[in-house]
Amino acid sequence: MDPGNGTEGQFFGNATEETPGDPIPSWDKNTLLGLQISLSAFLAVVTLATVLSNAFVITTIFLTRKLHTPANFLIGSLAVTDLLVSILVMPISIVYTVSKTWSLGQIFCDVWLSSDITFCTASILHLCVIALDRYWAITDALEYSKRRTTRRAAAMIAVVWVISISISMPPLFWRQAKAHEELTECVVNTDQISYTLYSTFGAFYVPTVLLVILYGRIYVAARSRIFKTPSARGKRFTTAQLIQTSAGSSLCSLNSSVAQEAGLQAGGGSPLFANSVKVKLADSVLERKRICAARERKATKTLGVILGAFIVCWLPFFVGTLVMAICKECWFDPVLFDVFTWLGYLNSLINPVIYTAFNDEFKQAFQKLVKFKRCY
């Protein structure tokens, strides 16, 4: 998602241009070449890591039946989207970032820009549907568990792609007027301020507000329920359950009354045995509360990582894009915008780490996958 900047020059190219009577020393060219090689290698490593991490998540979900849940299908779809970013967008961006010259023609530029906007927007919107899924799971656990189906997850994913494509398509219409001209740069034209507002708010600002609201409510709801005994009608999900486990895993439930009744029945109503059971149950409840509190703290940190990583990665890029569209006199260094762009791409590497590294079931599946065992 590379915004246009009319003042953008060839950062690396300018350093090698010789002026009459002022030849550039050979060591300057060698230094420049070293910087280009180093930058290319670093960005290639980031791209490769993004490919491998997302491919690993997809493979793990596919091979592990235990992970075949609607919630994990959303995570898998996010991994597919980030994999597309790493395969179809980031490699070309490496060449363009280093050379600062576009030499692949108008058609390929249009395809690349459309893919960039579509996949990056879809990646961001996937975070929203995952948050929405978890919000419904904690606020309406019983009813939503009945509606939380693979078909529903597929519908949510379809909506994400429809919105993403609708955001990426408009630039194709006005760029065709310049198709006959020789192209030296491939950027989105920010002169169309209406489109810039539409795309930035649709792809970032609105999703960000939605994420903050949803995760804020998830956190508040989870904190208010974590130490409450589940009702006889069903169990409530905690933040730890929503972040760390999938549907079907054990919950931090404290249903002591049921266990107490079972203990009394097992003891045949004996008061002495009942008291012994009560002491053991009390210890068990305290231990479970301690475990749940620890999980809650870890899950709370995970919420902070999710929001923090997303905002840190994408906020600079979208703020810069919006400022350039509104303030025509403002200027950003092209190198700085390259940093902002790649910081956004970095979110595609961070996503699989955040959404799987804190999940015990994924960790176990990863270990089995590394040992080349098919998981069932």
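Placed from the backbone N, Cα and C atoms, the Cβ positions cover glycine too.
Note: TrEMBL annotation is automatic and uncurated.
Per TrEMBL, the features are:
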type     : residues : note
DOMAIN   : 53-355   : domain 'G-protein coupled receptors family 1 profile'
REGION   : 1-22     : region 'Disordered'
TRANSMEM : 37-63    : transmembrane segment
TRANSMEM : 75-99    : transmembrane segment
TRANSMEM : 111-132  : transmembrane segment
TRANSMEM : 153-173  : transmembrane segment
TRANSMEM : 193-215  : transmembrane segment
TRANSMEM : 305-327  : transmembrane segment
TRANSMEM : 339-358  : transmembrane segment
Which residues of the same chain, at least 6 past either end of the transmembrane segment (193-215), have a Cβ under 8 Å from a Cβ in it?
1, 3, 117, 120-121, 124-125, 127-128, 131-132, 134-135, 163-164, 167, 170-171, 303, 306-307, 310-311, 314-315, 318, 321-322, 325-326
Limited to the domain 'G-protein coupled receptors family 1 profile' (53-355), I'd like the whole-number average of pLDDT.
78
Which range wins on Cβ pairs under 8 Å with the transmembrane segment (75-99): 37-63, 111-132, 153-173?
37-63
For the transmembrane segment (37-63), sequence-distant contacts whose Cβ falls under 8 Å of one of its Cβ atoms, 6 or more beyond its ends:
72-73, 75-76, 79-80, 82-83, 85-87, 90-91, 93-94, 97-98, 342, 345-346, 348-349, 351-353, 355-356, 362, 365-366, 369, 374-375
